[in-house]
Amino acid sequence: MGRILRGLAGGGDLRVVAAETTDIVEEARRRHGLSPTATAALGRAMTGALLLAQLLLKTPKERITLRVEGTGPLGGLVVEADAFGHVRGYVKNPRAEVPLREDGKLNVGELVGAGALRVDRSLPSGEVYTSTVPLVSGEIAEDLAHYLWQSEQIPSAVLLGVRVKGEGEVEVAGGVAVQVMPGAKEEVLGRLEANLKDLPGLTPLLRERGLEGALEALLAGLGFERTDLRALGYFQNEIPARFRCRCNREKALEALVFFTPEEREEMIVKEGGAEVVCHWCGEVYRFSPEEVRSLVAEVRCPDCGALWLYPKGDGTLARIEGETCRCGRKVELPSETRPQA
C-alpha cells in the first residue's frame, strides 16, 4: 500500500501533494509482467495520476484518466485514478524495452516517444472534460507539468521517480507536485527554484531519506505544514493509496457479449468454456459452458453502466441513439468491435 500527503508551504503560497507508491508500482509490474523501463513509465504515470487527482478533482465521485500516446515501442499507456487514492493502469506493449541513457538511467522518453498526453476528467453526471497537449519529453513528469500550465493554467513543479533493482523489482517509487498559488511572493518562488536546481533528483532522495525527507529537501527554507486529514476520516493523517481495479466477474462475463453466439459456442467446443483477461489489471476470469450460454444480448457502457444494446419485449434489440454515451465514451457494439483481451 502507498500513501499520499497534502499540505502548504511558503506561508500558503505553495500547495503540495506527495505520494509514496513503491508497492503500487511493484504490483503493476507483477500483474502486467513489465520490463524495467515500462515499469518506470507506468509507475511515473500512476503516481502522477494520484497527484493530479488530489489537485484537480472537485468531488469524491470524479475520476481522472491519463492517456499517453507515443511513437516509441511502448505503444502508449492508460492510467485512471480517483481522490481516494485508488489507481490502475496498463501499457500497450508491457515487454517493450530500450537501451539505458548515457548516464545509466532508464530511458523512459525514448520508450514513450513523441506524441500527446490526453487527460479526461469524468464527472458523476457522466460528463467528461478532455484536454490534450503535446508531449514535451515523454518522461511523464515534465509532460504533466506542461499539461497543468497549458490546460489548467496552474504553474507547477512535478517530480516523479521509479527505481528498479535485480530482476526488475521496484525498489522505490513516488512523486511530488508543487502548485504555485495566485499571488505567490517572488522570494518564495525564488527559493523553490533554487531548491529544485540543487536537488540530486527525487529518486535518490526517496531511497535515502523517504518521502518526508524528500519534502524537507525540496521545501528547505519554505516550511511545510501538513493538511490535517483526520477530519476527513484518515486517522493516520495521510490518504492510503493502492492499486485497485474496478473489474469483476460480472463485468468480465458481460464482455463476452461482444462475440457472436457462434463464436462463443466455438470457445466452448475448443476450450471448454471462455477466458477473459482484464487489460487494466491482468486478472483472469474463467467461465464454464453453462455461464457462457447464459448470456443475453445486453451491452452496457464499461464506464457508466448505461444500456447500449438490450432486448425489447417483442424480441428485437434496441440500440442507444447516437455514437457517444452520456459519459463521453464512444459506443461500441458487438457487430462493430471486439473487446481488448
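Along the chain as shown, the residues are counted starting at 1.
Note: Cβ is positioned from N, Cα and C throughout, glycine not excepted.
Here Swiss-Prot flags C245-C247, C278-C281 as disulfide bond.
Counting only the Cα atoms, the space from C247 (disulfide bond) to C278 (disulfide bond) is about 7 angstrom. A distance of 6 Å separates the Cα atom of C281 (disulfide bond) from that of C245 (disulfide bond). Rounded to a whole number, the C-alpha distance linking C278 (disulfide bond) with C245 (disulfide bond) is 9 angstrom. Annotation for C245 (disulfide bond): spatial neighbours R88, C278, W280, C281, E283, criterion Cβ-Cβ under 8 Å with sequence separation of six or more.
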